[in-house]
Amino acid sequence: MEERHKRILQRNRVNLVSDLDPSDMYDGLLSKGIFTQDMIDEIKRSGTRRDQARQLVRDLETRGSRAFPALIECLREKGQHSLPDLLLAGEPQSQPLPLPVHVRPVVRPLPVYSHVDTVVTPVYPSQPVRPLPTPTTPSLSPEREFGKPRATGRVRRDSIQSYKMDASPCGHCLIINNVDFEPQSELNNRTGSNIDCDKLERRFQSLNFIVLVKRNLKQKQIRQELSALSKKDHSQCDCCVVIMLSHGTEVSHNRFPGAVHGVDGPNVPVQLITNYLNGQNCPSLQGKPKLFFIQACGGGERDTGFEVTPDEDRPCIGGTDDQTDAMPMSSSSDSLSTPSDEPDARATLPTPSDILVSYSTFPGYVSWRDTQAGSWYVETLDNVLEDNAADNDLVTMLMMVNHEVSQNSAKGLYKQMPGSFNFLRKLLYFQVLPCQRPIQA
């Protein structure tokens with residue numbers, strides 16, 4: 001939304017909250033493509049009519065240049081003429097909002113032939129005919145060629161097919177890298193994690209994210225950094241990424257499994273980590289993808305795999321320097337309800353829409369890390385993003401990561417299987433900068 005329109009909404013927020021009936025606006029704003037149904041459902045859950053009106057006005061500021069004229073049009077359609085007059089006082093006459101374009105396959109009619117001097121000339125209707133749309137949905141098979149070119153001309157816009165991911169910068173990326181653990185934690189130092197951190201910092205800078213790296217954080221400091229991230233204004237961004245590199249453990253949960261340790265020992269459940277950025281605690285990220293990458297053990301069990309046919313067997317990549325990021329299972333009740341909880345992180349997630357949590361290992365199992373080359377998961381993720389981010393969506397690339405990591409073996413015996421909890425509603429394509437310049441945090 002244009003800054004002048006934001007200022008108008010902010011200047012008249014009291015009147016809008018007092019007089020606006022949000023229920024009259026929902027259908028119009030949905031049909032005009034300003035909000036999605038999930039966004040409207042989220043606004044409805046915010047509480048009373050005044051609460052819904054306040055949330056609707058706040059969310060409109062993040063929905064692009066068409067949001068303000070769409071609001072004016074909806075108000076007039078519902079006979080609420082006093083509010084548009086108030087909002088447009090002193091503003092130049094706005095142009096009518098263009099009608100949404102519904103793309104449908106059009107079959108080109110057969111030409112009618114006219115015979116002039118024995119030359120056959122096809123005559124087509126004067127109305128221009130649109131070409132049939134070309135399907136661009138990528139294959140989800142992990143066996144596909146990683147470098148297979150994608151159809152050119154893909155439009156990066158907020159639609160039913162893919163998330164809007166063209167803001168510059170695209171969003172914020174927070175990396176928490178815990179390497180050196182305090183003696184009382186009884187956890188080993190994570191040699192090789194700095195290699196992972198450097199790779200991911202460069203990778204997400206190349207994907208047009210503002211990357212902030214924090215090292216060796218205690219449990220309370222992890223929460224403070226997540227809380228600070230949730231309080232940022234993400235209205236001009238399209239996405240947010242959190243990467244956790246630490247020891248992990250299995251905890252009781254009701255949505256997202258696992259937890260990561262601070263360098264002092266106590267853990268932060270993944271479920272709580274995601275809650276900091278949900279629609280209730282971070283309104284400026286409503287309807288936008290929130291991505292979490294967890295390089296930590298999901299538990300203490302070691303997977304020895306199973307026998308496969310020779311054509312499925314491949315040489316092991318892991319070596320004798322492989323370590324795990326494991327701790328025994330613990331209860332998350334102390335982590336979720338201590339007196340030091342931030343107030344804005346207490347509420348549970350009403351719906352996990354637009355969230356993806358990618359785990360380096362299956363819940364309950366250890367995650368392997370090479371002290372010389374970094375973790376299997378991060379090394380593979382970095383390589384897959386480098387080779388495929390320009391052509392493939394995120395879920396397809398994570399399937400490639402799953403496939404590649406599953407081929408590794410630690411000490412010639414142990415296996416690892418990454419996985420994800422995917423609550424994204426659309427395909428997600430990263431930006432790939434032609435010149436990979438770092439963006440300062």
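One is the number of the first residue shown, and numbering goes on along the chain from there.
Glycine residues also receive a Cβ, built from the backbone N, Cα and C atoms like all the rest.
Just so you know, TrEMBL annotations never went through curation; they're auto-generated.
Annotation comment: TrEMBL describes His247, Cys297 as active site. Among the features that TrEMBL reports, compositional bias 'Basic and acidic residues' is placed at 305-315. Under the heading compositional bias 'Low complexity', TrEMBL lists 328-340. The domain 'CARD' annotation in TrEMBL covers 1-90. Here TrEMBL flags 169-301 as domain 'Caspase family p20'. Annotated domain 'Caspase family p10' per TrEMBL: 345-430, in sequence order. Among the features that TrEMBL reports, region 'Disordered' is placed at 127-155, 305-350.
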Overall pLDDT of the domain 'Caspase family p10' (345-430), taken as the mean
80
Just to verify a number: CA distance, Cys297 (active site) to His247 (active site), in angstrom, no decimals.
6
Other C-beta atoms that fall within 10 angstroms of the C-beta of Cys297 (active site)
30
Tell me the residue counts in helix, strand and coil for the domain 'CARD' (1-90), as DSSP assigns them.
63 helix, 0 strand, 27 coil
Counting every protein chain shown, other Cβ atoms within 10 Å of the Cβ of His247 (active site) number 26
